[in-house]
């Protein structure tokens, strides 16, 4: 996650020096997610065939290598060659990252079947730490030693994890399942949850190419301090995620409402991020950081329960319990997260150029608002249907008892 988040504070500025427009910068960020999407579907489907442990270890090995390669891109001539190399390295990193994340989610779900949300929430502490430490560390190393050092340093750290995980990770064997991604995504509940996940990841991705430029322009902060602005978002997400996971496991009935209200709060945060011009609130640094902190908590509320909601829905609809279904759910989660992660930076970079950060963030918030309201409506209808079904079953049960008693009474 540090390799992923390190680009935010300084890459847009460095790319602008090479003659790259904001829209293309957004596409460089966004292509990562597009290929993460495609790779997640493939790796999720063939997880059992490839082997979860091999997929994870191979993924981090390739990811470490291409992170180092990203550090030498400043030596590439500016213009189309630089842009092409950025896309090539970013795409390779996306495929390797997808392999590692899809495998890791499945391994954890298999190892801790009774505490899936708690464990995945705990894992988000380290994802959050990566998001927290990446921008400030990257900004500091960039200011102190130049463009190459942040990437070479982090790439070497990732490569050191390869032998460690080869020794520690268990091997899990499982038979391939008969179900497909298509059957999973066409379940109405799964489709709507996928829409929510996409909107949340789009909100996160939107900030990558836009927030650093907005802060530099609005508040005139040096590059090293821009990374600290990202700190509030990532730190609050890291702290809240395990608590949300624990709550999801202990009180399963709360999961859906955490998901809905998290989306609605996220929508409010993005409308206040600029803030939206219609609100006539002056943009201030302390307000921006506060909104990012609240946004980190709200995204944790929405995203952590989704994996278990999709997994339980799959089991309810006849998917076999085991590593193959977990692989499908992990792949689906990675894929739909990547859809938003592609749309967020790509559309964000374009809208930032055309209408400015304030309006762009407001439009992003409307997407989260729509997904939250649609999901809330679905859960209300589902609750209403279950109540009617329960009443009907009670009535039928009473009628059967009366029918059984009548001969005895006669």
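Indices start at 1 and increase along the chain as displayed.
A Cβ is built for glycine as well, from the same backbone N, Cα and C atoms used for every other residue.
The feature domain 'Major facilitator superfamily (MFS) profile' is assigned by TrEMBL to 1-388. Annotation comment: TrEMBL describes 25-47, 54-73, 79-103, 115-137, 149-169, 190-207, 227-247, 254-273, 285-311, 323-339, 359-381 as transmembrane segment.
In summary, the transmembrane segment (323-339) does not lie against the transmembrane segment (359-381): fewer than three C-beta pairs, each 6 or more positions apart in sequence, are under 8 Å. Between the transmembrane segment (227-247) and the transmembrane segment (115-137), three or more CB pairs separated by 6 or more residues in sequence fall under 8 Å, so the two stretches touch. In the predicted model, the domain 'Major facilitator superfamily (MFS) profile' (1-388) has a mean pLDDT of 82. Ranking 54-73, 149-169, 190-207 by CB pairs under 8 A with the transmembrane segment (254-273) puts 190-207 at the top.
When Cβ-Cβ distances below 8 Å are used as the criterion, the transmembrane segment (190-207) is approached by residues 8, 29-30, 33, 184, 230, 233, 259, 263, 266, 270, 295, 299, 302-303, 306, 309-310, 313-314, 332-333, 336-345, 347-348, 360-361, 364-365, 367-368, 370-372, 374-375, 378 of the same chain, each at least six residues removed from its ends.
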